[in-house]
Amino acid sequence: MAFVDQAEIEVKAGKGGDGIVSFRHEKFVAMGGPFGGDGGHGGSIIFKVDEGLRTLMDFRYNRHFKAQPGGNGGTKGMTGASAEDRYIKVPQGTTVKDVETGEVLGDLLENGQELVVVKGGRGGRGNIHFATPANPAPELSENGEPGQVRKLKLELKVLADVGLVGFPSAGKSTLLSVVSNAKPKVAAYHFTTLSPNIGMVRLDDARDFVMADLPGLIEGASQGVGLGFQFLRHVERTRVVLHLVDMSGIEGNDPYTQYRKILDELGQYDETILNRPHIVVPTKMDMPDSEENLVKFRQEVAADSGLPVQPEIMPISALTREGVQPLMRLTADLLATAPVPESYRPVVEKVSNDKTYDFKPEQHNFTVEWSEETEEWVIGGAEIEKLFLMTNIQRDATIMRFGRQLRHMGVDDALRKAGAKDGDDVRINNSDFVFEFSD
């Protein structure tokens, strides 16, 4: 039994550090020249598979992830410190998609496998890189490149670790609703659950697992009666079984008789299920006759020589929550050492190569639009916006360099073709400039 766990998050890589303008000022060193260092690289965000994780629950509480920026350059040609990459643990079998494009960035299938999902910006260059014979003392530097930003959709096809079995109305749906994020329909009548409800259980110690409330079993299920085969196939793929038994004795039902009927059906379908780690969970201990019925039930189970092993018995009341947390902790302990059944197959297929995602540079695409509201030309485009952010607009020399870069990209020609005239206002990334066409 598999279901798809999903989460949408935003990841933002670190900006590169800024290069600086600096000059060598030392005694006896005339005309020392430029000495400004480069900025350090920003941190990337990298997903890494941790086979100990079972769900995407962590991403429901934390949807925004940022890496640190690189350090700015220093004097004497010193390069700023590069930021450390940020590693985020994901479960085995996670598929990563770009929300905006729908592109699959990668499938993370092997323990320890890594995938760079956003790449940190490179550091801006200091003025030491811009010296030429014509300009031996440039006041030019670059700001750091912005880090990449992406909205990602994570998908994980999950198999239930723990299966809740028992007769209809044994309290399976109620227990699941108490310990997990699932919201099954719960009512006081038989056959409440006709298809599996699945929830993710998270303990205080950060352990988590997937629990399934399986369709109520009836006598004859191993021969296909009712939901028989469908139910038993679900049980077959769980690693730990919690066998819920109603202790209330309502409608004259005998707890031990019901317990034995479930075991018989499981054994007739597949005897190996009986050897799987399991806990017997007497339920509805808040009811008037439950304590008395539990004493009798324990005696009958202890005297049953036909059981493969004497089971752990942990009574609970889902209504009052009594015994629920100890039960969940013991369940997690069993899962830590439970063998993986043969039927517990991986449910993802590898659709892309194991590789770091190849980030392709942006094309020279930009837009030129006239804004009636502000009466100015608006220039847009990812590459232009990146160039602007890497331009130190506090220095005239770098602004002039930015103008030359735009001209080289064809922005001047596009403005002139669109009808721009000398003196028109031009807005780029919320900053205003005056258009002057150069031949």
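Cβ atoms are placed via backbone N, Cα and C, with glycine included.
For 166-173, 191-195, 213-216, 283-286, 317-319, the entry in Swiss-Prot reads GTP binding site. Under the heading Mg(2+) binding site, Swiss-Prot lists Ser173, Thr193, citing sequence analysis as support. Swiss-Prot lists 1-159 with the feature domain 'Obg', giving sequence analysis as the kind of evidence. For 160-336, the entry in Swiss-Prot reads domain 'OBG-type G', with the evidence type sequence analysis. Here Swiss-Prot flags 358-439 as domain 'OCT', drawing on sequence analysis.
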Worksheet item: In angstrom units, rounded to an integer, how far apart are the Cα atoms of Gly166 (GTP binding site) and Ser173 (Mg(2+) binding site)?
Response: 11
Discussion item. Please list the DSSP helix, strand and coil residue counts for the domain 'OCT' (358-439).
Written reply: 30 helix, 19 strand, 33 coil
Item to complete: Ten-angstrom check, please: count other Cβ atoms within 10 Å of the Cβ of Ser169 (GTP binding site), all chains counted.
Response: 25
Practice prompt. Name the secondary structure element type, per DSSP in three states, that contains Lys172 (GTP binding site).
Written response: helix
Item to complete: For Ser317 (GTP binding site), list the number of other Cβ atoms lying within 10 Å of its Cβ atom.
Response: 21
Worksheet item: DSSP on Gly166 (GTP binding site), three-state: which is it?
Response: coil
Discussion item. Mean pLDDT for the domain 'OBG-type G' (160-336), rounded to an integer?
Written reply: 80
